[in-house]
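Undergrad: Pasting a structure here, questions to come.
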Amino acid sequence: MLKSRFLMVLVFLLTFGVFLAACGSSDEGEDTTGDSGEGSSNEEASGEENSDFSVAMVTDVGGVDDKSFNQSAWEGLQAFGEENGMSKGEGIDYAQSESDADYATNLNRLVRQDYDLIYGIGYLLQPAIAEVAEQYPDTNFALVDAVQEGDNIASIVFKEHQGSFLAGVAAAKKTTTNKVGFIGGVDGSLINKFEAGFVAGAKSVNADIEVEVEYAESFNDSQKGQAIASNMYSKDVDVIYHASGGTGNGVFAQAKDIKNSNPEENVWVIGVDRDQHEEGQIGDTNVTLTSMVKRVDIAVQNVSEQAMNGEFPGGEVLEFGLADDAISIADTNEEAMTDEITTAVEEWKEKIINGEVEVPSTREELESFIDAL
Amino acid sequence: MDYVIEMLNIRKEFPGIVANDNINLQVQKGEIHALLGENGAGKSTLMNVLFGLYQPERGEIRVRGEKVNITDPNVANAQGIGMVHQHFMLVDTFTVTENIVLGSEPKKAGTVNIRRAESQVQELSERYGLNVDPRAKIRDISVGMQQRVEILKTLYRGAEILIFDEPTAVLTPQEIKELIDIMHSLVKEGKSIILITHKLKEIMEVCDRCTVIRKGKGIGTVNVSETNPTELASLMVGREVSFSTEKTKADPKETFLSIKNLHVKDGRGVKMVKGLNLDVRAGEIVGLAGVDGNGQSELIEAITGLRKSDQGTIHLHDKTITNLTPRKVTQSGVSHIPQDRHKFGLVLDYPIGENIVLQSYYREPFSKKGVMNFKKVYEKAKALIKEYDVRTPDAYTPARALSGGNQQKAIIGREVDRSPDLIIAAQPTRGLDVGAIEFIHKKLIEERDKGRAVLLLSFELDEIMNLSDRIAVMFDGQIIADVKPEETDEQKLGLLMAGNSTEKAGEQ
Amino acid sequence: MFSSRMFNILVPIISVLLGLISGAIIMLIFGYNPIAGFAALWNGAFGDAYFFGETIRQVTPYILSGLAVAFALRSGLLNIGVEGQVFMGWLASVWVGISFELPMIIHLPFAILAAAVAGAFWGFIPGLLKAKLGVHEVIVTIMMNYIALYLSNSIVRNLLSDGADRTENVAETASLQSSWLAEMTFYSRIHYGFIIAIFMALIMWFIINRTTTGFELRAVGFNQHASRYAGMSVGKNIILAMVISGGFAGLAGAMEGLGTFGFMSIKSGFTNIGFDGIAVALLGANTAIGVILAAFLFGVLKIGALNMPTVAGVPTELVEIIIALIIFFVASSYMIRWVILRFKKEGK
């Protein structure tokens, strides 16, 4: 049995190899001509000198349709492409990662496909960017949400704590139970920034407000997000701010469930990264109070343009914050965001921009911030 | 003469063997036709061909004179051929009726009309004297009843020709008698029966004609009224067979196995052995008689270490083996031919050769410093396969592929070859043909004559009477009688087994 | 008339062709060029030294997790917990790798051994529960997977780093990475672990087929009653099987910890190395050589598939479906066998 099975698998692999080799060799030529063909047609179509500039991004495990920063980054690239006559596969592209192990492979592949600038979306890609950037000093890389040193790396970070602070202000103004919640993806320095800002914002409005903090330990486990949200809502929390990528979809689902069974119920979700207004729509109402919008798209578009113009900010750490309009608070839900709330948010925004308030970005800073209140 | 079934020049091959070689079988309407052969002779293959499970390489099948091509069991059913399998195919938690209609449910507006089916089953049951309660759950009825459900299943589907595959192997003597009555009433109603068996007594009792096959070849068909068991046996085996095992008088020596006040519970915690006392001396065969379920299995499992006893002692010569591990018991000189050879006796997926060293694989020369020496294993296996006449293509064939008799011969070879002091043989000939039975009986007597103690558990009274030097009757967890075979008969034993004490049995 | 040998060659060929053809049909239906798609798959796995290196890198842990599942299955146990055992092995290897300063000749074996021991321990617990209390190993191992995931996240965050998302890199002396191999393959992450994986396959073969222990383990796997009858300790063998299986899984973790990554980071979900190991083992018929070949197939498909979206424009979801189809047809060769037999019969 062992022998026959062995034979079977061996033969199988050989066939597989031969078959694909045949395809591969017959196709290799076509493939390359195809590529250059695309390039030249592109040139003809747009007639611009930038046709040889190309840019691509590698998503983290959330994937390009995570309704969060991966998606936002891709929207930025698409916007950049539109301006410059590029489209997916022709000048701009993305590669999705199925697991941590794929980051380096995907980056490498894009390097080998001669992209001029390659984005790593998410702090999870930091080790892979570090490694690959060192191996290919002639290619430019940009890392979103984390800092990595290197002459060919631009680090793009956001002052999420600032936006989260404003989210905290909005939550504090909206709550009727004086209990608000925070659901984080994975406990770590990045998401701690959101947590610290949010808690600080809420406490600044009303020091008596309780903030429930929980981490789902995952960025793509919406079931878990729903379970945590259910638990929080049942404990009288009425506004939840999530900073948990795909996990947050469960938070919306739970809020909508509650609203569905009892439209009078007062439950709110504050979205993250993108304006998550759509996610909260249920019938005529919407459970999305607001969203802490992090314009990854703007950042991606900016850096891409700089790179195309030969001004790639290699080795720099680019911080995007409230002042750059790269961080903002959405006001799509006009019904829920009353004038009182928007006014308060605006006030605090001013204070942050002119330096009157220093928003904490770590748990330690948060502690001293609260002590000082 | 009208034949309902004709199988002409059937040939069926499997890789490496010809299972059926030019076999002819002609069954008349309204007769009980026996299909006789040793285990592995090709009876089941032939019937599977008829039932559409196998396609023959050559030959043709005619049903009521018409040539038919039976490509699968559904075709067979449509032709009125039904099979009562040896291993019942019933769903335990369903009722009798539900099992019978399974696969051909009477539908009413999309739901199963069980009420109508029940009355149909009831009617069939009465017509053929089956006496089955259509609403009983399968798990609540006896094995004999379950078999009748199988019969009903074929009748319900309109079978005219019923194939019985070794139907008596699982039945008690009383149930066998009742089954024979049922068969007669079926035939009276115009059905035809093919009875697959290797039990000569049954053939003589119920069958009209008998077709014998041997090693895949058709030997011929005889009228039962014109023959006798000895002739049938020699047709089947191909040589003279003696029925009563010849043996000299026992010469028992010192007590070898001594069990005192033993208490054992079964898997569900029910007390099955209740203060049992039993001695077996070197050089004698003690037959353990009794109706199944009176604690025999638990007793044997307790002796061999497979089951813990709660109380009492088991002595082997001068050692205590109470509650030792199976390995320790084995090493103390006990061999065990287990009742269920598929469950306990063999690793069916292992080659027969490796099964032969199943009790000694860890010893030199088969294993040295934790590494197996398969060369030595197979050397030993080949020697034993030859000595014990285990018929197998080679020593590397999985045990599963061997016939029951040859599996059992391999087990007996393994257990006897270890030169044990005590051999525990539990139903050593169950389901085997006369040739194999004769061989095994001879071996057991040989071992007795070498001065070994033998404890024989059997539900066949013939076997107990034939082999034993002493008969211990077990009832309700105790030995209630200790008799000599020459001083008793089957009727007296039967009464004892039913729980009547020695004195009462003597009176009757 | 087919000989059985011919048959054994024909069946896998047809399986693969069917898988490829149905993958091609799906691509055609959705308007993609199947030849370009498969070419991208092939080039993504073997296109040049880099991709080949990455393929080998991916195959390495698959071999070990496949061996882990196969070993347990040969003893009649379904070890769903390979995933968790991989985590424990990964964690232990990195822990040793960053916490000690030792010469390589001691440090590297020490880190690898620690991974095997950690995985083995993670297998020992369900083994013990099964042997002593009869708790089904599938339930326990599934739960142990979650424990392993969150435990290692917590240890990485709190013990192995200062609240960071990942540990520092393991010391050079504990690394399986090889600059020589990396340079040869244009900086792929291929590492020396491949040799360990092949060697372990040999070990698995030897234990299962050549040792007395293997004889017992297989016997217990086939028939516990007969094994008990033959004087084997069923409980002991169950525990042993789970321990050895866990050890293989732990080594798979070490491949990631000391080879591919060189560190451990906080995971938001399972790596799937262990779960894919189940498919690898089943495809490889639970034999050592079969596992190597099946792991190779999986590695090729996984790495090659990453190339399909960017080069051939086939969306990732479609790629997943195509890969699944190929595996489906290979795994269901039994069905193809049946069809061939049917045709053969009709032909007569």
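If you go along the chain as it appears here, the first residue is 1 and each next one adds 1.
Here the Cβ of each residue, glycine as well, is placed from N, Cα and C on the backbone.
All TrEMBL annotations are machine predictions without curation.
Keep in mind that what you see is a predicted model, and the values were worked out from it rather than measured.
Take a look at what TrEMBL says about it:
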type     : residues  : note
TRANSMEM : C:7-29    : transmembrane segment
TRANSMEM : C:59-80   : transmembrane segment
TRANSMEM : C:86-103  : transmembrane segment
TRANSMEM : C:110-129 : transmembrane segment
TRANSMEM : C:135-156 : transmembrane segment
TRANSMEM : C:190-208 : transmembrane segment
TRANSMEM : C:238-266 : transmembrane segment
TRANSMEM : C:278-301 : transmembrane segment
TRANSMEM : C:321-340 : transmembrane segment
Undergrad: Quick one: find which recorded stretch in C:7-29, C:59-80, C:190-208, C:238-266, C:278-301 has the most Cβ pairs under 8 Å with the transmembrane segment (C:135-156).
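TA: It is C:59-80, which has the most Cβ pairs under 8 Å.
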Undergrad: Is it true that the transmembrane segment (C:278-301) and the transmembrane segment (C:59-80) have 3 or more Cβ pairs under 8 Å, skipping pairs fewer than 6 apart in sequence?
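TA: Yes, the transmembrane segment (C:278-301) contacts the transmembrane segment (C:59-80).
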Undergrad: Given a Cβ distance threshold of under 8 angstroms, which distant residues of the chain, six or more beyond its ends, lie next to the transmembrane segment (C:86-103)?
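TA: Sequence-remote neighbours of the transmembrane segment (C:86-103) are 61, 65, 110-112, 114-119, 121-122, 145, 148-149, 151-152, 155-156, 160, 167-171, 173-175, 249-254, 256-258, 262-264, 267, 271, 273-274.
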Undergrad: Based on Cβ pairs under 8 Å, which of the stretches C:7-29, C:190-208, C:238-266 lies most in contact with the transmembrane segment (C:110-129)?
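TA: Highest pair count goes to C:238-266.
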Undergrad: Would you mind listing the long-range same-chain contacts of the transmembrane segment (C:190-208), meaning Cβ under 8 Å and 6+ residues beyond its ends?
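TA: Same-chain contacts beyond the ends: 53-54, 56-57, 59-61, 63-64, 67, 70-71, 74, 112, 176-178, 181-182, 214, 217-218, 244, 248, 251, 254-255, 258-260, 287-289, 291-292.
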